[in-house]
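Marked as domain 'Major facilitator superfamily (MFS) profile' by TrEMBL: 22-416. Here TrEMBL flags 25-46, 58-79, 91-113, 125-144, 156-178, 184-202, 244-264, 276-298, 310-339, 391-412 as transmembrane segment.
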Amino acid sequence: MQGAWAPRDQGQSHSRMGALNRPSVILLTYVLATIEFTCLFMQFSIMPYLSRNLGLDSIAFGYLQTIFGVLQLLCGPVFGRFADQHGARAALTLSFLSALTLYLLLVAASSPALPGVYLLFASRLPGALMHTMPVAQMVITDLLAPEERPKALGRLGLCFGVGVILGSLLGGTLISAYGIQCPAILAALATLLGAVLSFTCIPASTKGARTDAQAPPPGSPRASVFDLKAIGSLLRLPDVPRIFLVKVASTFPSGLFMIMFSIISMDFFQLEAAQAGYLMSFFGLLQMVTQGLVIGWLSSHFSEEALLRASVLVFIAVGLAMASMSSVFHFCLLVPGLVFSMCSLNVVTDSMLTKAVSSSDTGTMLGLCASVQPLLRTLGPTLGGLLYRSFGVPIFGHVQIVVNTLVLLLLWRKPMPQRKDKVR
């Protein structure tokens with residue numbers, strides 16, 4: 001499926017991509033993903049303090065997160081289909097311009113002269129079109145052969161780690177030194193740079209760039225971006241529903257905790273903005289090491305099924321530790337296990353799902369994969385806020401234990417299909 005900006009036929013696509021330096025395009029894609037994550041984590045640093053300054057409680061903060069999650073959940077697969085049809089350049093540019101709008105609204109919301117609460121809620125609306133990560137995954141998937149894909153996709157975890165470290169450090173430090181507006185202004189400038197780079201340097205289309213890619217039949221009509229039936233058909237492919245079930249269920253408890261972490265860091269751990277930034281930077285550093293070294297080594301020695309089971313087992317152990325956690329030091333001890341499980345499970349499931357569709361549908365499938373986190377952000381903030389207010393931090397550990405025990409039983413009763421390609 002190729003849009004108006006895509007090459008008209010497969011031969012033109014091959015010629016076009018032959019003139020491009022693929023490593024440079026992939027490297028730029030990593031840079032754009034890093035910009036996106038850095039700005040996103042600066043926003044995470046801003047939101048709890050801006051919400052508190054505007055007089056919102058933890059439930060209202062949960063509503064803010066839920067609105068953002070609902071919009072990304074509903075629009076993620078459609079945006080992926082847009083990327084399939086209109087190309088990576090259009091999709092990445094649109095995503096960064098939407099992010100720019102969000103950060104400008106945050107700047108306005110932090111101004112005492114403006115209606116901050118209304119602008120803060122309005123800032124959630126551009127999130128419907130902020131989908132840089134799945135488009136970056138699509139670019140990498142389209143430009144590389146299946147056997148090269150998992151390792152390259154895994155490197156996006158390094159971009160995430162860099163974003164966590166830079167975004168958390170910059171957000172916390174700038175808030176403490178210059179106020180809430182400063183990181184929002186910096187994020188707006190960075191996303192403007194991302195939009196310019198996307199429009200000027202990313203190829204209009206990456207479809208058909210690989211020699212093994214399949215072109216759509218000549219003269220076939222282009223389906224609508226909003227064809228929900230076509231999007232839903234991907235979820236009915238063999239084994240896809242089970243993979244999605246494991247992906248969603250296993251990460252849901254830890255997702256609840258991480259969504260509420262900004263509130264927990266203030267109320268439970270009693271951390272200042274800069275201290276919370278240092279803690280999230282530690283989290284990002286561990287993710288970089290795990291994604292870049294540990295997962296790659298393990299996946300070259302163990303099957304996808306073994307890594308899935310190991311991830312779920314470690315999730316259970318983390319839940320036991322979280323249920324008895326009483327200080328930030330205890331949290332630092334359990335973070336390595338939490339990071340390992342999250343990285344391993346995401347790499348394995350994403351690898352399996354990207355191999356399940358044709359090259360013309362990679363963006364749509366990756367949009368569906370990316371909708372898992374918005375699903376957590378949709379259900380998580382309100383539910384997490386209620387659980388935290390009613391039962392405290394230990395409840396997140398209890399939920400982790402119960403849910404992942406059930407997932408582990410499912411994996412043992414009905415093993416995942418074996419793949420020839422190992423995750424790297």
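Cβ atoms are placed via backbone N, Cα and C, with glycine included.
TrEMBL: automatically predicted annotations, no manual curation.
Since the structure is predicted, the reported quantities are computational estimates derived from the model, not experimental observations.
Averaged over the domain 'Major facilitator superfamily (MFS) profile' (22-416), the predicted model has a pLDDT of 82.
When Cβ distances are compared across the two stretches, the transmembrane segment (156-178) makes contact with the transmembrane segment (276-298), since 3 or more pairs at least 6 residues apart fall below 8 angstroms.
Within its own chain, the transmembrane segment (244-264) is flanked in space by residues 44-45, 47-48, 58, 61, 65, 235, 276, 308, 311-312, 315, 318-319, 322, 338, 341-342, 345-346, 349, 353, 368-369, 372-373, 375-377, 379-381, 383-385, 387-388, 393, 396, 399-400, 403-404, 406-407, 410-411, 416, which lie at least six positions past its ends and keep a Cβ under 8 Å from the stretch. The stretch from 58-79, 91-113, 125-144, 276-298, 310-339 that makes the most Cβ contacts under 8 Å with the transmembrane segment (391-412) is 310-339.
The recorded stretches the transmembrane segment (125-144) and the transmembrane segment (310-339) do not share 3+ CB pairs below 8 A when only pairs 6 or more apart in sequence are counted, and are therefore not in contact. In this chain, the transmembrane segment (58-79) lies out of contact with the transmembrane segment (276-298); the count of Cβ pairs under 8 Å, excluding pairs fewer than 6 apart in sequence, is fewer than 3.
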